[in-house]
Amino acid sequence: MEETKFTPQTWPDKPEQATMEGKNKFVGIWIFICSDITLFASVFATYLSLKDKGPAGMEFSAASLFELPLAFVMTMLLLTSSLTSVYAMYHLKNHNFKGVQIWMSITVLLGLGFLALEIYEFYHYVHLGFGYTQSAFSSAFFTLVGTHGLHVVIGLVWIVCLIVRNARRGLSLYNAPKYYAASIFWHFIDVIWVFIFTVVYLMGVLG
Amino acid sequence: MGHDTQVQAKSKKQYEYDRHHNAVHMRKQVINFAIMIFLTFLAFAVVVADFSAYFIKPVILLLAGVQVVLQLYSFMHMDDKKASHMGVISTFVWFGAVIAFTMFLTFLTIIWW
């Protein structure tokens with residue numbers, strides 16, 4: 001079981017799917033992601049229907065509110081964090097536990113950077129008077145981007161728990177699927193963000 | 001047991017081949033990342049360049065679509081046909097996409113008409 005000590009020579013090609021448990025985790029995280037797709041579809045559809053809608057004479061609109069430089073930096077941070085978790089999975093395949101931990105930690109740092117910018121952005125909007133209950137538009141916006149932000153928080157907590165809990169354990173077929181599932185989830189967060197920066201920010205600025 | 005598997009030591013040649021294969025695969029991933037960055041940059045550039053909105057909107061939606069497919073098939077390994085249950089996973093993902101599209105259509109047509 002998890003006590004089996006592997007060397008790079010005995011480490012299986014697909015460590016994340018070498019065991020029955022690993023195979024189940026793999027298909028499990030994907031089915032979760034598919035249910036998450038429908039969750040995001042509903043909040044996206046709601047946002048698109050309620051964009052710029054609110055009380056008569058509302059001063060806020062997507063075109064006047066959103067700023068591209070911030071969205072661009074956030075996109076770069078999240079996209080890069082996706083690559084760093086790919087690096088972690090590369091080291092996972094090579095049975096290099098230190099590499100996995102280091103790259104996963106960098107992923108967490110980039111994710112924290114993204115989260116800090118998102119909190120700043122929300123704070124800024126609320127400060128302008130664009131709070132959650134200000135209009136249908138503001139509710140739909142905060143629900144959509146906030147649901148994504150919540151996923152980032154969950155992903156960060158998940159990865160930090162993995163890094164801390166497995167720090168002394170070393171790499172095994174018990175924890176390899178766990179790292180792999182977390183990395184798939186992290187990529188999915190990036191997939192959703194691609195649509196958010198396109199539909200909310202880029203198309204928002206166009207009016 | 002759920003966590004058991006057959007443990008087999010690789011021959012030196014096999015080991016070196018696999019390491020090389022992993023390294024080549026990682027290089028491909030970095031190229032995919034570069035393409036994604038380029039697509040992102042392009043999407044922002046098209047908006048900043050201030051073309052007609054009727055031109056920009058379909059273009060950036062297309063760029064997002066390409067980037068997401070790239071992310072799914074490279075970073076999330078949906079191109080790996082040997083992965084367990086990949087058929088089930090692809091079916092679920094694409095049906096999820098169909099459901100998502102139907103939701104957009106429903107919500108938006110309710111507003112338009």
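We count from 1, first residue shown onward.
Note that Cβ sites are derived from N, Cα and C of the backbone, with glycine treated the same way.
The domain 'Heme-copper oxidase subunit III family profile' annotation in TrEMBL covers A:1-205. Per TrEMBL, the feature transmembrane segment maps to A:27-50, A:70-90, A:102-120, A:140-164, A:184-204.
Long-range contacts of the transmembrane segment (A:184-204) within its own chain (CB-CB distance under 8 A, at least 6 residues past either end) are made by residues 26, 29-30, 32-33, 36, 40, 44, 47-48, 51, 62-63, 65-66, 68, 71, 74-75, 78-79, 81-82, 85, 107, 111, 141, 144-145, 148, 151-152, 155, 158-159. Panel annotation: around the transmembrane segment (A:102-120), residues 70, 73-74, 77-78, 80-81, 84-85, 87-88, 91, 145, 149, 152-153, 155-156, 159-160, 162-163, 179, 186 of the same chain, lying at least six beyond its termini, place a Cβ under 8 Å from a Cβ of the stretch. Along the domain 'Heme-copper oxidase subunit III family profile' (A:1-205), the predicted structure has mean pLDDT 94.
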